[in-house]
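Q: Got a structure here, written out as structure tokens. Questions coming.
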């Protein structure tokens, strides 16, 4: 990994356009991004131990431009899985979101499954990436878990970073590692300790009421911090789930292979019946509303969702048909292929703009570095000339002491400076 991290140009642009929300709910502090048309059921992204809400910025930018709503959250300081389920449900109530689609990686994928198990009526689909079903193996590898809350912050960060594979990487994977490492440095001691506690606290995912057809498993084939045995257990638990295999990408494919991940996310959302609203996308305003609809429409949509949920298992057949996944026939595959082609062309323009922003940022860094070096060299030269001049004056005033004690050759010093 690189010694000095410079924020990517597209991330700098993202931070300038999309606001970070911070709200206290009870004793928990929630940080999250919420972007895209609010009439669309949101895709909520849950990071792993080393992640923050910022690590999904590429998904927020790409999918919101397509008319989807994306919410990326930081996992707050919770110390057991029951507390997580209650805190996350309160968070959804506060932001007035009822039906959700969850995308979780590593620890985030495990927490997404637990929430889907205990709050099945709120979770409509799952996208699981490099995650697991139980924490037993992690608890065995961390015998000092009982004292994690008393461990200094620098040791917790070092422990988390040791789980990230170091060594020679392809450039796009190396950049993703550098970005995640920079995010780990922003986490507090309590945040790190609580996430490690959640990762080793004894728990396992039980049976889900959610059908396998509403689950997508997206894993990388090169390497990952999650043991292959745990990923195989996940595949065995959901045998009918859709598979999305990435040849490379490492632990953080949402950064290193963002285009492929975004396409799979879009295909998943289409397959489970989420209708994008590109007609409500009006650029990227500063207030983070995503150019969406009026508040009256928001209230109406949420009231409709609430009334539908209150009916529980007595939902009408038409609702069931709406939630059923699209047919797997040739027509569906043709639409998927067309979507892939269209998405690749639509991303190209955005990628060019992002590369230009990154290039300009690098040029500014180079220019500032050259200017600082030039300033230091000029200052040193001026200091040397001053010293030499002072020595010359002293030699004229006190020739004997200087000759006997210092024996400084003024002409030689001037020649060296020139």
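Every residue, even glycine, has its Cβ placed from backbone N, Cα and C.
Curation plays no part in TrEMBL annotations; they are all automatic predictions.
Just so it is clear, the model here is predicted, and its values are computed rather than measured.
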Q: Identify the region 'Disordered' range according to TrEMBL, selecting from 225-279, 280-334.
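A: Feature region 'Disordered' in TrEMBL: residues 280-334.
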Q: What are the DSSP helix/strand/coil residue counts across the domain 'AB hydrolase-1' (41-163)?
A: 60 helix, 22 strand, 41 coil
Q: Do you know the mean pLDDT across the domain 'AB hydrolase-1' (41-163)?
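A: Value for the domain 'AB hydrolase-1' (41-163), mean pLDDT as a whole number: 96.
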